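Each remark here refers to the structure printed beneath this line.
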Amino acid sequence: MSAAADNIAMRRKPNWRVRLTPWLLMSPALLIAIAFFGLPIAFMGRMSFNEHIDQRFFVPGFTLDNYAAMLTDPTFSAALWTTMRLALISSIVTVIIGYVFAMLVWLKPKRWRLAFIALALCPLLISEISIIFGWWMFFPKNGLLSYALVSSGLITDKISLMYTEFAAFVGLTYVTLPFCFFILLSIFDGVDKKVLEASADLGAAPVRTFYEVLLPLTKGGIAASFAQSFIWAVGTYATPSALGPDTLWTIGYLIQEQMLGKHNWPRAAAFSMVLTLGVAVVMMIIRLLSSKRTVLNG
Amino acid sequence: MADTSIVPTRDIHVAPIARARMDAVVLRILTLTFTLFIIAYIAIPVVVTLVMSFNDAAVIRFPIKAWSLRWYADFFNSPQWVDALKSSVIIALGTTLISTVSGVLAAWAFERFTFAFKPLVYLLIMLPLFMPGVVLGLGVAMAFGDVSMFGVDIYGSRMLVILAHSLWAMPLVFMLMEATFRTVDHRIVEASYDLGGRPFQTFFEIVLPSVSTGIISSALFAFVISLNEFVMALFLTTRDTQTLPVLMWLSLRSAGTPRLAVASVILAAALFVSLSLIIVWYTRQLRKT
């Protein structure tokens, strides 16, 4: 279809103008992407080889110390481990909740669909800072959870789940859930519901239908949504650092700390480069796996 | 279900029917439980914030003893918070304009034309969407830290934040518009060409009006993204230009007053309006098709 348009355009215009048109159309987008993404990333790549001497932000030079430090620095390896563990567990939980949620929306009659989609959009639309603040009022000793449990008689003393890893997990899962849900919903929409009926007609119980029919058909979506929420959870630092214990140092927190706290630009840049490369790799995997359907019109 | 193999074929449905009924009841209960769980889970932070914003007390504490609009008045009487809100709205509007225009044009180029380095350009446009905010903020802050253009300090200016926010908003617009353009009937485009319409004329007079729904919803998404973002803004704003989420983040540790709840509610209200508009537009489009 685009080839047809090209042919028609080519009949009317000199060749160079036809070739220039797409670039002209793309120029604002390209300009932004190059000036504010390509350039800064290149700058950051160069910065990561600079040296950090005395209290200056950076000293031009060429050293691999900043990368080598990641292998030797116990703070970094601890942060890497923390980040991976947090991201892994919260992504698994997100995928499970998102999967069941998407399956429900898919199975429910169409009139429920919009209400559920609106519900799923909530966490996506509310600022991460508002989400943090919401949970921040839920978990502490004088928060809603403690109050609800005490007044319902389940416990006698006030409890606090604030500044625990559990709180960090809940916050992280909440932030990543909508991404996961929408990817999985688009996968479910691609499944023909008749296969469920066929499976039931052949005598399979719902659980067996799920394991042998639905799960294999949605495998790609599970992988893609897992990768997507993993990326998000690895990159974010505000939620774990605000809800989790003070010792919960993620890579994102470390980058911010090196940049704003210690003014060690080369080190911050090196950490960022590693994070960037990791994200790029996971993104390639997503692109291979994800489907291109639209969700809202399903 | 292993026993089905030893049951005669014509009786196959007799035993499972009772079991299927049991299964259906269990399944119903599970479904209901999960639905309630998910509604509660998503609603908790939203409802807690809303309730707390009408709390009269100065500390966050349950149960709530008295209700008032005291903290709303406090918010609007505080120049620092009102300025932050103003900054947020200006930056969000700027981001919406820039990312929508550039994203729509780029998506059209991708949908209609073949050109060299297409996958590479695609990657360049889409990659920022998947980058952690801390990396983007850091990169832009480092690269533009002490550059000044035309005598204006870029660093700390609203323009820099607008362009940084566009890094997330533009790919989103691009992605949504690429899908929307795919639904355009290419015959009307060709008809326009055949009648002598020039490419730009065809684009503005034929294509754009037929995808207005997509443009409006992607613009709203861009607005929402910019209004909510605070990690990049944290790296790029100064005291004069800081956005509402940045101010909220900075005061989260120091003072947990209900003022934060008010700020959250104001942000959420803006987003709620945007969301309702998106849904209204989509339902209208669904009815059309």
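Each residue, glycine too, has its Cβ placed from N, Cα and C.
Feature annotation from TrEMBL assigns transmembrane segment to B:29-54 (among others).
For B:85-279, the entry in TrEMBL reads domain 'ABC transmembrane type-1'.
Beyond the transmembrane segment (B:89-108), the same-chain residues lying 6 or more positions past its ends with a Cβ under 8 Å from any Cβ of the stretch are 125, 158-159, 161-163, 165-166, 169-175, 177-178, 180-181, 203, 207-208, 215, 218-219, 222-223, 225-227, 233, 243. Residues or ranges marked as transmembrane segment in TrEMBL: B:89-108 (among others).
The transmembrane segment annotation in TrEMBL covers B:120-144 (among others).
Taken from TrEMBL, the feature transmembrane segment applies to B:159-181 (among others).
Annotation source TrEMBL lists transmembrane segment at B:202-225 (among others). The list of residues near the transmembrane segment (B:202-225) in space but at least 6 beyond its ends in sequence, with Cβ under 8 angstroms from a Cβ of it, reads 92-93, 95-96, 99-100, 103-104, 108, 165-166, 168-170, 172-173, 176-177, 179-181, 183-185, 188-189, 192-193, 271, 274-275, 277-278, 281-282, 284-285.
Residues or ranges marked as transmembrane segment in TrEMBL: B:260-282 (among others).
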Taking B:29-54, B:120-144, B:159-181 as candidates, which has the most Cβ pairs under 8 Å with the transmembrane segment (B:260-282)? B:29-54
With Cβ-Cβ distances below 8 Å as the criterion, list the same-chain residues six or more beyond the ends of the transmembrane segment (B:29-54) that contact it, or say none. 60, 64, 67-69, 71-72, 258, 261-262, 264-265, 268
